[in-house]
């Protein structure tokens, strides 16, 4: 009975981990950024450029924000304009700087982002393989497949942990947003570009938790079957 309960919760946590990882992988809201279009101390309305990016795409669109409105709601699907500009995120690794980058720092950023992208792809592959192994293990009660699936879930959790850690380093250091901020403030002293982590970013830690938990449960199941059968 306890073995069946462990398998059930392992499958539940594994499914949640897979779902969260795939949504985080496929959505383009890892980073949310706003950039002022013009500054005016006399008006309460500002034209702002909104940026959001993920693994595949980086998109931006223009909007108007009133003084008491929150910029974050402009990124909600229903509040976005019907058309917006998008480019491949790998080819444009900075959330702002379209054509305004230093070639050396840009090349380094592309390499760093490429490494981050490879880790994310490996994490997605690992969690899909883990799910396949667990599905195959269930009919045969194979301790080897359960342990292999559990190990793959743990590997996926570790890989996505590295993805999250590298993305934080990316935003805080590698993207060199401070230089861009200083450049823009020459024209607009009263405005600082805003950069926030998006909901896609926060899905990844939740997926990591469920993936690691599922992996540990399936390892225990595999060891239990090996010892008692």
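Glycine is no exception: its Cβ is also placed from the backbone N, Cα and C atoms.
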Legend entry - Of 115-135, 178-198, the range Swiss-Prot labels transmembrane segment: 115-135
Legend entry - Recorded membrane side (Swiss-Prot) equal for residue 56 and residue 226: no
Inset, instruction - Tell me which range among 91-111, 154-174 Swiss-Prot lists as transmembrane segment. - result: 154-174
Inset, instruction - May I ask you to name which of 47, 85 Swiss-Prot has annotated as N-linked glycosylation site? - result: 47
Inset, instruction - May I ask you to indicate which of 16-26, 27-37, 49-59, 60-70 is given in Swiss-Prot as region 'Interaction with ITGB1'? - result: 49-59
Inset, instruction - Could you tell me what the rest of the chain brings near the topological domain 'Cytoplasmic' (222-229), counting residues at least six beyond its ends with Cβ under 8 Å? - result: 3, 6, 141-147, 150
